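Engineer: There's a structure below that I have some questions on.
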There are 4 protein chains.
Amino acid sequence: MSFNTFGHLFRVTTFGESHGPAIGCVVDGCPPGLRFTVDEVQAALDRRRPGQSRFTTQRREPDQVRVISGTMDHPEGGLVTTGTPIGLLIENVDQRSKDYADIAGSYRPGHADVTYDLKYGLRDHRGGGRSSARETAMRVAAGAIAAKVLPGVTVRAALTRIGEIEIDRARWDWAQVSENPFFCPDPETVPVWTDYLDGIRKRGSSVGAVIEVVAEGVPAGLGAPIYGKLDADLAAAFMSINAVKGVEIGEGFNAARLTGEENADEMRTGNDGRPYFLSNHAGGILGGISSGEPVVARFAVKPTSSILTPRRTVDKFGTEEDLITKGRHDPCVGIRAVPVGEAMMLCVLADHLLRHRGQVGTTPVWPFQRG
Amino acid sequence: MSFNTFGHLFRVTTFGESHGPAIGCVVDGCPPGLRFTVDEVQAALDRRRPGQSRFTTQRREPDQVRVISGTMDHPEGGLVTTGTPIGLLIENVDQRSKDYADIAGSYRPGHADVTYDLKYGLRDHRGGGRSSARETAMRVAAGAIAAKVLPGVTVRAALTRIGEIEIDRARWDWAQVSENPFFCPDPETVPVWTDYLDGIRKRGSSVGAVIEVVAEGVPAGLGAPIYGKLDADLAAAFMSINAVKGVEIGEGFNAARLTGEENADEMRTGNDGRPYFLSNHAGGILGGISSGEPVVARFAVKPTSSILTPRRTVDKFGTEEDLITKGRHDPCVGIRAVPVGEAMMLCVLADHLLRHRGQVGTTPVWPFQRG
Amino acid sequence: MSFNTFGHLFRVTTFGESHGPAIGCVVDGCPPGLRFTVDEVQAALDRRRPGQSRFTTQRREPDQVRVISGTMDHPEGGLVTTGTPIGLLIENVDQRSKDYADIAGSYRPGHADVTYDLKYGLRDHRGGGRSSARETAMRVAAGAIAAKVLPGVTVRAALTRIGEIEIDRARWDWAQVSENPFFCPDPETVPVWTDYLDGIRKRGSSVGAVIEVVAEGVPAGLGAPIYGKLDADLAAAFMSINAVKGVEIGEGFNAARLTGEENADEMRTGNDGRPYFLSNHAGGILGGISSGEPVVARFAVKPTSSILTPRRTVDKFGTEEDLITKGRHDPCVGIRAVPVGEAMMLCVLADHLLRHRGQVGTTPVWPFQRG
Amino acid sequence: MSFNTFGHLFRVTTFGESHGPAIGCVVDGCPPGLRFTVDEVQAALDRRRPGQSRFTTQRREPDQVRVISGTMDHPEGGLVTTGTPIGLLIENVDQRSKDYADIAGSYRPGHADVTYDLKYGLRDHRGGGRSSARETAMRVAAGAIAAKVLPGVTVRAALTRIGEIEIDRARWDWAQVSENPFFCPDPETVPVWTDYLDGIRKRGSSVGAVIEVVAEGVPAGLGAPIYGKLDADLAAAFMSINAVKGVEIGEGFNAARLTGEENADEMRTGNDGRPYFLSNHAGGILGGISSGEPVVARFAVKPTSSILTPRRTVDKFGTEEDLITKGRHDPCVGIRAVPVGEAMMLCVLADHLLRHRGQVGTTPVWPFQRG
C-alpha cells in the first residue's frame, strides 16, 4: 500500500501539513556507504524554496533541513549513510494560519478541500493542510539523497510552456535554466514570460505550465514487465505532484499522430560493439525498460487554483457563496514544480536501479558473442 | 513490489508469454459473495479479441477462459466469489512461432526486444514473448471481475483519434461505439477512418491513436494523499499498457494553457444539500481523490512498431541489418487498447474502493449539519 | 518491501538510532476522526521507559513524545486524527556515546554488531545504533494510536517466566501486572523473581524471559488465507522485537504433544444463536482467521547479551580479544518487552481490522438463517 | 498486501482449492538465466505427495506439474528462466467431494470451517477448500525454483518429535531422513514412532509434531532492520503453514531459561581472517541478519483436526451436533510438513538474497583492513 510512501526498495515516506509544526520524510532502503552533506540537501531545497522571485508565493520558509537518523559523520567530512532509514525534518516557521480562518469551512474551487471533506469527514483547512504543495519540499530533500544512488546519472528539468507561450526548442540551452526565475532553457522566451506572468500576477490570476525532465546516463535495463515498468512508475510519480494533469514519455501524445515509420528509433552498432539509436522518439524506454538513451518525460501543471477573481462555491454546510482565495500564492505553480520533477525522476530511477540489482544482480553479459 | 502485479487490495497478477502454452492471471482480494458468469468474462474478452476486422491482427485466438479457483457454483446459476484468489487461464492455440524464427536474434525497432536482452541477457523472442499485447487479454478478464466490485459504476472507453484524424466531440454518441470496428463514438468519422486506415494497412504501415476512458457513478472519496492518489494510480495503469506514451486526466495537457479562472470547476448546492460542480475540467479528481464527477482519462498509443517498411537495426551480435517485421499485426494497435483501457479503469477503481473501505470504513457523514 | 515499516493498511515506519539526535515514527493509514491525547501516548511510553526500577537499564530518557502531523486540535480537547500520516518524534537526551568509544570496532557477542558490519560494511556502534531496543519506544507510541482503531478490544501482556522460574498460572491475576516492576500476574512469584534477578544483576549477568499477550474482544473474521494469516503476521511482529527467539499461538509447541481429541476446541450454540467454543487451544485463530475467542500469543526473549563476564570475541580487523560490555543494561530485557508486545499486538490487530474492512466490507450476515 | 502472496522480490502467489479443478502458483521476480528441469520440481513435489505410506492421507494425487510461462527450452536441455513470471499448474484428479457432502454446513472442530464462514459468509466446504494443506504443494514447487537462486545453500528438514516422543539429537544423521516415512534423522526412533503412530492411526486419532529446518551455506548479511528481519520473515513463513502453532529460531523458547553467559556465541578469527563462532545458540541470525552460521528454525504442528472420535460442534445454522470427520486424513500432518518447511526456508532465503542485492549490491569489503 502506498498512502504516503513511494518507491519499493528506495522508499520515501513523507508526513506533515502546510501549517503544522513541521514536515518530514523517511528515506528507507538507501544503500550504505554513500556520502552526502546537509548543504547538498539544503541546496536542492533552496531551488524549490518559495519567495525567491515575485513569481512564486511570498511565504518565507527557510526550509532548514535536519538529518535525524540513518547517517554517521564521515571522518573526512559530511555524512555517510549506514543503510538504516534516513529521517529528515523541516520545521514550519512562516505559517499564517489566520489567513485561512474565514474560509475554514469553504471549498476553494480547484483545491482538494471538498474531496478531503468528502473522504475523511474533516480536514486541516490551514493552507491546504496535507494537500499543500509544501509537502513537495520533502520530495526534493529525498531526491538529493537519491542522486547519490545514481553516480553518472544527470537529471535536469526545465519549464517549456507557461500558458499560451511555449519555448523554442531550437534555442534550448541547459545552462540558461539557472539564470532566470522560470527554469527556462530558452533565453529569448524569458522576457516574454516575464511580461506575460506579470500581467497574470497583477490581475490576481494564474496560469498552467509544462515541465520537461531529462535523465542522461541512465543504464540500460532499468524497469520490468508488466506492472513494474519504468514509465508506469514515472507516470505515477509525476501525476502525484500537486496540480499535475498529464504525463508524457518521449513523443507522448504526439506519438498518436505518427506512423510506424516516423516513430521507429532505428539502431546501428557503435565502435564498442553495442547498439545505439539514431533517434529517441521512445524517450529512452522500450517495453517499460530503459534503453540507455536519455529518459525524457513531460508533465502538465494546471493553473494555481487560488485566484483573486471571485468564484462560485459552497461551504461544508451547503451554503452557496462567492469566494476569493486570499493568502500568498504562486501565479504559476508550475515554476516550483521544476525541481520537484527532477526529484521524482531521481527517486524513481534510484528505486529502479536497486530493484534491477535485486532482480538481475549485475548487468548480464551483452552484447552477445558469436560462437 | 510489482513486477507483474497491480493493485493493492484488489490485486491482479498476470503471467504468460505470447507463444507459450497459456496465459493466466490471479485476481486476489476480490470480496466474497459477488456473482458472475464465465460468459460475462468471455464477452469482455471477445471485445478485445484479435481478428475481428481487417484492422486488427489476424491471429485467431478463441481466448476461451477457464476459471480455476476462487469461486463456487451459485445455486441459482453462474459462479459466486468466495474471497479466495480467482485463477483464470487461457490456453494459447494459434501461435505461429516459426514466423519469428529468422528474426530470433534481431531487434525490431520500437519493440522491447533490445531492452529485454539488455536487462535479462536472454528473452523469449516468439511474438514478443512477455512484452506482447497478448498479456492484455488477462487484464480484460480481470476487469470483468472488477466490474462486479463496482455496482452503480459505468466504465466506457472510445477511440478519439487515429493518426492525424480526430473525432468531432460534438457528435459524441456512446451508442455508436459498439457499432463499428474502431470503438468510435462519432459516426461521421467512421468512414473517414476506414479509408485512412485501409491506406495505412495496405502499405504495411501503422499509426497511433488516442483513447478516452470515462467512469460514471464513481463515489466521491476514492483515492488518498500523497502517493495513493487515484490519478497517480490511473496514470501508472494506463502507462503500463503496451505502446502507451502519454496519459491525461480531465483537461490534461490543455490545462497548461488555461488560466485559473478558466480551469476552476465552480460549485453550487443541489436540492439534496450536496454540492455539485458546474464543470469538470478536473476530470473528477481533486487532490488525488474522486469528487463524484465522472472520472475522465485519456491515453496515447504509439503506432504499431511492426511495419513492412525496412528499418535499420542490429541483432544481438551487433550485426547491422535492415529489418521488415513479418507476422500478423495491427495497423493501429490503439483499437484493441480500448477494452484494455476500460479494464484498467475498472481494476484501479475496484482497488481504490476497497482501499477506501479499509481506510475510512463507511463514507463519513456529509454534508455537515449546522449546529 | 518492509525494511523499517510494518503493517499494510495501518502502517508504522520507524527511524532513528539509539544515540542519534532523535527517534521517530510515521503512522500511516490511521482512519480519520479518532480522538486521542498526547498524554495517552506518553502514558504508554512511560510503561516501557527505562530506569524505573533497578531491574531495567539506568539510562534516563524522559521519552517526551511530540506529535508532528496528522491531527488537529479537537474542539472538546485533545487531538483528532485527520486520516493523514501521523508523525511522532522523541528527542534523545541521555546518550552516553563515550561509553562505547573503546569498543567501537569490537563485536559484542550476541549483539548485531558483527552482522551489521557484515551486511553494510559500517555501522553506528553507539549503543547498538539502529539495532538498539530504543527503537521499540516508537512501537509503543504507535500502539497507543492503534488502540484507538480497536474500540472494544483489550490487549494485555504479562511476564510468565524469568530464567528458570515460571509463574503459577492458577494464580494469574491481571490486576497484579501493574503492581510490580516485572509485569508479573502472579503475586507470589514477585518476591521470588526479585531475589533471583537481584542475584543475576549483582553478578553482572542476565537472563531470558517469556511474555504472554492476550487480546480480548477481537472480532471474528480478522486475517486471511494464505499469506495474510493473522497468526503469521503476529509471529513476524513478535519475532521482530529485539532478542525474541520464539513465538507461540495458543497451545504453541505444546500442541505437538497433544492428540486430536485433546486439542479440539469443541463448539456449542449460545443463546444468541452464535457458536461458542468450549476451550481455546487454538489461541483464538483458526486457519489464520480470528474466531472471536481471545487471541493468545507468547514469545521468548533471550538473555541480554551485554554482561560483565568477559567473553571471547574479535574486532572488525580480526583481532581476538576478551570483551566486557560496559554501559547501562537490563539484567532481563524481557521485562521491558511486555509493553512492546502489547503494542505489536495492537498494531497487527488494527492493520487486520482495516484489511478486513477493505476485503469484506461489513461482516457478512451470520449465523445463517435456515430456509 | 499479502492475502495469497509471500515474498517481496522473489514473490510466490498461490491459488486453488482442494477440490477445485486445479491448484497453481506464480513465481515472480525469479532472476533470469537459471536452469532447472520439470523433473526437479516434480521430485520435490513427490516428497510431499500424499499416499506414500500408511501414515499419510490416502488421497492419490499424481501432482503432475506443468510449467506455463517464464521459461524457455535451454539448448542443452531442461528449461531456463527468462526473468518473467513462472506459472505452475497442477490439475486436481482425485477429489472425492462427495465425502464432504453431508458435512457441508458443519464446522469441523480445529478446522477453519467456522472462521471462513465468519469472515466470508460462505466457503468452499469440499476438503477444506482453500484452507486445505493441498495448497502447500505449490509452495513445494516454488521452493524447487527458489533453490536455483541459492547456489551453495543446502536446506534440509527433519521431524524431531511426534506427540510425546522426541528423537535423540545425539544420533542425528541427515542421511537417515530419506530412509523412513517420517523424515526422521534418528534411526532408533523410527521403529518407536512406527508403533506409536500405528496406534494413533488405528484408533482414528491424530497427534502433533515438531519439524526442524536447517540452512547451511547461507551468506552473511541477509535480512535487515527492523521489520525486514530474516527471522521475522521466517516466523511468518512457517506460521503460515497449515496447523503450525509455534516457531523458534536457534535456542528458541529455551533461550528464556539461559543466562547471558550460557547464550553468548563467542567468536574467534579463522585462518582466513574472518570471524567464526564457537557456538550457534542464535540459530545463525543476529539482529535479524544472517551471520554466516547455519540458520536453524523449528516449528510445531498441531494434531490433525480430522479424527474419528465424535466431537461436539455446531453447523452454520446453529444446530448442535456430534461430528466424526470422515474422508482420508493424515494421522500426523506434521510428516508432510517437512518438505513444506524446507520450501518455505528456500523461498524466504531466495527473497532475502535478492533483497540484499537490491539494498547493498555486492557484499561490502570485509573484514576491514587496518590502516
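Cβ from N, Cα, C; glycine included.
Pasting the relevant annotations from Swiss-Prot:
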type	residues	note
BINDING	D:R48, D:R54	NADP(+) binding site
BINDING	D:R130, D:S131, D:S132, D:N242, D:A243, D:G287, D:K302, D:P303, D:T304, D:S305, D:S306, D:R328	FMN binding site
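Describe the structural surroundings of these features, if you would.
Structural biologist: All protein chains shown were included, and the count of other CB atoms within 10 Å of the CB of D:R48 (NADP(+) binding site) stands at 24.
Cβ contacts within 10 Å of D:S132 (FMN binding site), excluding its own Cβ and spanning all protein chains shown: 21. Secondary structure at D:S132 (FMN binding site), as computed by DSSP, is coil.
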Engineer: Among the binding-site residues (D:R48, D:R54, D:R130, D:S132, D:K302), which are close to chain C, meaning C-beta separation under 8 angstroms?
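Structural biologist: Filtering D:R48, D:R54, D:R130, D:S132, D:K302 for a Cβ under 8 Å from chain C leaves D:R130, D:K302.
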Engineer: Here the binding-site residues are D:R54, D:R130, D:K302; which one has the lowest number of other Cβ atoms no more than 10 Å from its Cβ?
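Structural biologist: Per-residue Cβ counts within 10 Å for the binding-site residues D:R54, D:R130, D:K302 bottom out at D:R54.
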Engineer: Would you count the other CB atoms within 10 A of the CB of D:A243 (FMN binding site), including those on all shown protein chains?
Structural biologist: 23
Engineer: Which residues of the same chain, at least 6 positions away in sequence, have a Cβ lying under 8 Å from the Cβ of D:T304 (FMN binding site)?
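Structural biologist: Result: D:S206, D:A243, D:H329, D:D330, D:P331, D:C332, D:V333.
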Engineer: For the binding-site residues D:R54, D:R130, D:S132, D:K302, which ones lie near chain B, with a CB less than 8 A from one of its CB atoms?
Structural biologist: D:R130
Engineer: Could you find out if DSSP has D:T304 (FMN binding site) as helix, strand or coil?
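Structural biologist: Once the DSSP labels are grouped into three classes, D:T304 (FMN binding site) ends up as coil.
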Engineer: Can you tell me the CA-to-CA distance separating D:R48 (NADP(+) binding site) and D:S132 (FMN binding site), as a whole number of Å?
Structural biologist: 14
Engineer: In whole Å, how far does the CA atom of D:K302 (FMN binding site) lie from that of D:R54 (NADP(+) binding site)?
Structural biologist: 19
Engineer: In whole Å, how far is D:R54 (NADP(+) binding site) from D:R130 (FMN binding site) when you measure between their Cα atoms?
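Structural biologist: Rounded to the nearest whole number, the Cα-Cα distance is 25 Å.
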Engineer: What's the CA-CA gap between D:S132 (FMN binding site) and D:R54 (NADP(+) binding site) in angstrom, rounded?
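Structural biologist: Per the Cα atoms, D:S132 (FMN binding site) and D:R54 (NADP(+) binding site) stand 20 Å apart.
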Engineer: Can you grab the distance from D:R54 (NADP(+) binding site) over to D:S306 (FMN binding site)? Cα atoms, rounded to a whole Å.
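Structural biologist: D:R54 (NADP(+) binding site) to D:S306 (FMN binding site), Cα-Cα distance: 16 Å.
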Engineer: Taking the Cβ of D:S306 (FMN binding site) as centre, how many other Cβ atoms lie within 10 Å?
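Structural biologist: Excluding its own Cβ, D:S306 (FMN binding site) sees 24 Cβ atoms within 10 Å.
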